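Step one of this worksheet: look at the structure below.
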Amino acid sequence: MVNTGRFVILALAYRFLVPLLSAEPDHTTRESYVVYMGSPSGGGGDLEAAQAGHLQMLSSIVPTDEQGRVALTQSYHHAFQGFAAALTQEEAAALSAHEKVVSVFKDRALQLHTTRSWDFLEVQSGLRSGRLGRRASGDVIIGIIDTGVWPESPSFDDAGMREVPARWRGVCMEGPDFKKSNCNKKLIGARYYGVQPESASNASRAVAAPAAASGSARDTVGHGTHTASTAAGAVVADADYYGLARGAAKGGAPASRVAVYRACSLGGCSSSAVLKAIDDAVADGVDVISISIGMSSAFQSDFLSDPIALGAFHAHQRGVLVVCSGGNDGPNPDTVVNSAPWLLTVAASSIDRSFQSSIALGNGVVVKGVAINFSNQSLSGGQYPLVFGAQAAAHYAPVAEASNCYPGSLDAQKVAGKIVVCVSTDPMVSRRVKKLVAEGSGARGLVLIDDTEKDVPFVSGGFALSQVGTDAGAQILEYINTTKNPMAVILPTEDVKDFKPAPVVASFSARGPGMTESILKPDLMAPGVSILAATIPSADSDDVLPGKKPSAYAIKSGTSMACPHVAGAAAFVKSAHPGWTPSMIRSALMTTATTTNNLGKPVASSTGAAATGHDMGAGEMSPLRALSPGLVFDTTTQDYLNFLCYYGYKEQHVRKISGDARFSCPAGAPSPDLIASGVNYPSISVPRLQRGRPATVARTAINVGPSNATYMATVEVPPGVTVTVSPGRLVFSRRWTTARYEVSFDVAAGAGVGKGYAHGAITWSDGAHLVRTPFAVNVL
């Protein structure tokens, strides 16, 4: 039978894409834009005055006969100033030229970056004591910007919690399925925003301020509930996912409060809603914001067109730390997102738990695979015929497509009742698609051969699925090719604890360098593979097993899951050091991170190679060690403003961003080469190290440990690179005193060092503390 689907798709593509490519731009079409105006004058906070000013500005660029459509979809007035509205290209351009405007950008959709993990972090710290669960952090508030929350989850039980801090200024917004009574002493606030941008169909709408958002803060996706409970969920005994990962589920700061801001849906998050959520969270009084969303790495934008970067800058100005996921586009380089220097950018790692599903072959060989399946197959229940996808190709389907389980590529008559084996040479065909193809063809199971994602178990429900690497896959294919009637059975998943090695950088975790190579990104690594946390008990969820009731907990992977781990740890440190700035908390987490696994060896990437700063940042976070870092690097708002100048932004724009009309860019700006030394960051990145021309970077450390402390420097030097620290000895007579030092990097002109990045670290020690600063230098 001819596969006509391919021809239909091509015909449709020709019909719709060709006119799009050839048509002239429609300058009358209105789309949602964000107009960013920098810091609010007079401190902000007056909603009516801000809206009036925004409407007046908007009216000034709309033709008189169209004034009836002037309307705002969002108005920002707390931490920063601006608005969102439906505009034509010409109107957006006109506003861009306005003297009060810093930038105008389209209201693009952002992506969601979709418990044993805390126990593992405690063990890795070498300071196991249960303090992560017991430490009082009840006055710390974590804001979660995500898909909302399922308030009935046991993870948000407020039993034993003190009264809500008096400084809290937030609200619990009601909706059709969300009442004020859903908030409590744990879940202290909930807001929601319309995620659909203003459309051109509203042209007849009268001049108005933003309309009230429809819906509620209730999570219908599960992503937001999972991240919120990971950051600050209460301790829940015997949590599990249908018997797997059973144990006590808890957040990183279980005594902290949670405020949720629903700015996202299953389809993503609008930029304007995310900006509004940040603005509200800062005004409400949160201490830490967790954002497990971001732009696609393929479509990253300038910092002044990045809603998360813009909102987070002003959050930092107000003393609020913003923690973001680094994205799931790894393992290729240059894929990390949310890389602004004032963000704490998080990579994902595995923990010491593995979900193994073994494949028992008919010859008695048992091959270990990785998956989360609840198969009813067993050794005593009989085996099934085993077939390679290439041997079961549908008529006219290329063998290469059948071997990859492409949609429409398998002959159901050759697959039904059998276990099919497929490879993964095309990343465009996901594991979920392959599973649906095999299942739809009547297969009894699927064996995937793929090295790329074998570290991240796929949840296949009741369908028997297991994934192996290429070596094990070759063994299975050899058995198929040398056996007349190959047979196999895929066994249900077993929960393997104390798995080694761990942590390992997840294959999907986005890698650096970031958008500016003068800042080393990501910053830090945290558990993000197979994380058990609360979810929505929805019968429509993919997490529900056939014939079973919905589980209150789910296992998910992504930098989305790693981000709230760090947000919870930051709240934990904040509870112990309430006077520390966001940058000091970030520094403490980074400089105390570990770079060794539970075998005592260097942390590895998913490929097996040693992980670098572009893979894991400073390393795997160690919250207990971060309580006493010894030294910290305080990156100030002034540093970030200088960064914008060095990066190339106009002084007039930086003044609007800062809110200081007298601000002046430093001498030498713009010059990206000065960023590395001009920003007091707890890591170092030199993007251009020319042979025979040393690069020098300065840093200033603050002593937050005992008085009369002396720190000595040691250096992990990459081959062929000369690293000099001056002075190599820092003396602090008192707590809170500072010391400045310089680091020089050089490569001799004739040195046999290849081009590209070299990685190392500088560690300061006083005998009680280890303060590690990773560096990356790009040898030209």
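Placement of Cβ uses the backbone N, Cα and C atoms for every residue, glycine included.
Feature list (source: TrEMBL):
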ACT_SITE  Asp146  active site, charge relay system
ACT_SITE  His223  active site, charge relay system
ACT_SITE  Ser560  active site, charge relay system
DOMAIN    32-113  domain 'Inhibitor I9'
DOMAIN    139-598  domain 'Peptidase S8/S53'
DOMAIN    679-777  domain 'Subtilisin-like protease fibronectin type-III'
SIGNAL    1-23  signal peptide
Ser560 (active site, charge relay system) in three-state DSSP notation: helix
Fewest Cβ neighbours within 10 Å, where candidates are the active-site residues Asp146, His223, Ser560: His223
DSSP-derived class (H/G/I helix, E/B strand, else coil) of His223 (active site, charge relay system): helix
Between His223 (active site, charge relay system) and Asp146 (active site, charge relay system), the C-alpha gap once rounded to whole angstrom: 7
The domain 'Subtilisin-like protease fibronectin type-III' (679-777), counted residue by residue under DSSP: helix, strand, coil: 0 helix, 59 strand, 40 coil
The domain 'Subtilisin-like protease fibronectin type-III' (679-777) [mean pLDDT, rounded to integer]: 95
Composition by DSSP (helix, strand, coil) of residues within the domain 'Inhibitor I9' (32-113): 31 helix, 23 strand, 28 coil
Alpha-carbon distance [Asp146 (active site, charge relay system); Ser560 (active site, charge relay system)] in Å: 10
